[in-house]
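Visitor: Please read through the structure below; I'll follow up with questions.
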């Protein structure tokens, strides 16, 4: 039978799982105009408020004046500019690694790195709640693919003990994007070491946010390159720009340049984006008060949510999901918040497990106390108290 997209769409809509795009008509900020209506934005990943920072915007403009818009080719042809190279060196220094390598997106970084490091005859071990890009990398690598219970180092240890593969790659998020919890990295690092496995961490939601200097989840736990030899980070969240990178040893990066297909066979990022990111990285390092303000905002929101009876886990970062349950109920809560002037997305399967649809609330250093208090007041009216 020929595939019928219309029938498939009807089935998605019947499950309240249909997703649609909304049109943003303003820069990313705590206040945005979306579909023609002003909203206070509590669903962006712009954790430090850098996406619309004047210095970052100015660096982008200067980059366009210096480099033009497009890079013109892949990094290995003629698209690797001095701006790209300088950013890679600065990211390597920031993460405490000998080298770093830019990728066009976080999805491409994860897909490329996992599939380059593991293949037929190897085994990839992944947390069940890893980001889709990590899971897809494992599935498409050709390696045997095993998923262990979420944040369960003992389950990973048992899986490694059963493996006879010569090459073993353990892959985890640092901060889980839909749940906001941290991977137990010290335990995972010990298990990976004892199990003769590489450990790869995607710190998309930890970089810039966690740790005294914003170096991410590894800094938060006091870990470094010996424990986590493969580190992936994104530029499109706390750093406020676009793209991603992997940081590691000289030999790792040189190998990925040769073998990571999502690096080799795609056009390089616009050099102006690299110039803007160099400035945002400098701001991350020179303005620790942004992280402190974010922590204060997270504490304020969590205290208010607890006083309203909402159950939140032990989540130290800006991702504070409120699990609703049914798809229709999450959509209705999001709609009610919109009526009160707040933008909070309803996250539904397949992004999260069935029966755990949620409001994914994200805090920014740029949010004011008044905006946070207003959201809490709106949540009290929009969300059932048993959530």
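From the backbone N, Cα and C atoms, a Cβ is placed for every residue, glycine too.
Below are the features listed in Swiss-Prot for this protein:
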BINDING   19, 131, 351  substrate binding site
BINDING   106, 107, 177, 205, 234  pyridoxal 5'-phosphate binding site
MOD_RES   237  N6-(pyridoxal phosphate)lysine
Visitor: Taking Cα-Cα distance, which of the recorded positions 19, 131, 237 are within 10 Å of residue 177 (pyridoxal 5'-phosphate binding site)?
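Guide: For residue 177 (pyridoxal 5'-phosphate binding site), the recorded positions whose Cα atoms are within 10 Å come to 131.
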Visitor: Which residues of the same chain, at least 6 positions away in sequence, have a Cβ lying under 8 Å from the Cβ of residue 351 (substrate binding site)?
Guide: 132, 178
Visitor: Using a Cβ-Cβ cut-off under 8 angstroms and a sequence gap of six or more, which residues of the chain neighbour residue 107 (pyridoxal 5'-phosphate binding site)?
Guide: 132, 133, 136
Visitor: Inside 10 Å of the Cβ of the residue listed as 'N6-(pyridoxal phosphate)lysine', count up the other Cβ atoms and send me the figure.
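Guide: For the residue listed as 'N6-(pyridoxal phosphate)lysine', the count of other Cβ atoms within 10 Å is 28.
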Visitor: Give the helix, strand or coil assignment DSSP yields for residue 131 (substrate binding site).
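Guide: For residue 131 (substrate binding site) - judged by DSSP and reduced to three states - the answer is coil.
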Visitor: Using a 10 Å radius around each Cβ and counting other Cβ atoms from all shown chains, which of the binding-site residues 19, 131, 205 yields the largest count?
Guide: 205
Visitor: Near the Cβ of residue 234 (pyridoxal 5'-phosphate binding site), how many other Cβ atoms are there if near means within 10 Å?
Guide: 26
Visitor: Should any of the recorded positions 19, 131, 237 have a Cα within 10 Å of the Cα of residue 205 (pyridoxal 5'-phosphate binding site), which are they?
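Guide: Within 10 Å Cα-Cα: 237.
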Visitor: Could you state, as a whole number of Å, the largest distance between Cα atoms of any two of 106, 107, 177, 205, 234, the listed pyridoxal 5'-phosphate binders?
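Guide: Taking every pair among 106, 107, 177, 205, 234, the longest Cα gap is 14 Å.
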Visitor: Roughly how many Å separate the Cα of residue 234 (pyridoxal 5'-phosphate binding site) from that of residue 131 (substrate binding site), to the nearest whole number?
Guide: 13
Visitor: Give me the CA-CA distance between residue 19 (substrate binding site) and residue 106 (pyridoxal 5'-phosphate binding site), in Å, as a whole number.
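Guide: Cα-Cα distance, residue 19 (substrate binding site) to residue 106 (pyridoxal 5'-phosphate binding site): 22 Å.
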Visitor: Roughly how many Å lie between the Cα atoms of residue 106 (pyridoxal 5'-phosphate binding site) and residue 131 (substrate binding site), rounded to a whole value?
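Guide: One finds 10 Å between the Cα atoms of these residues.
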Visitor: Indicate whether residue 106 (pyridoxal 5'-phosphate binding site) is helix, strand or coil by DSSP.
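Guide: Reduced to three states, the DSSP call for residue 106 (pyridoxal 5'-phosphate binding site) is helix.
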Visitor: In whole Å, how far does the CA atom of residue 237 (N6-(pyridoxal phosphate)lysine) lie from that of residue 131 (substrate binding site)?
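Guide: Cα to Cα, residue 237 (N6-(pyridoxal phosphate)lysine) and residue 131 (substrate binding site) are separated by 15 Å.
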Visitor: Across all the protein chains here, work out how many other Cβ atoms are within 10 Å of the Cβ of residue 177 (pyridoxal 5'-phosphate binding site).
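Guide: The answer is 21.
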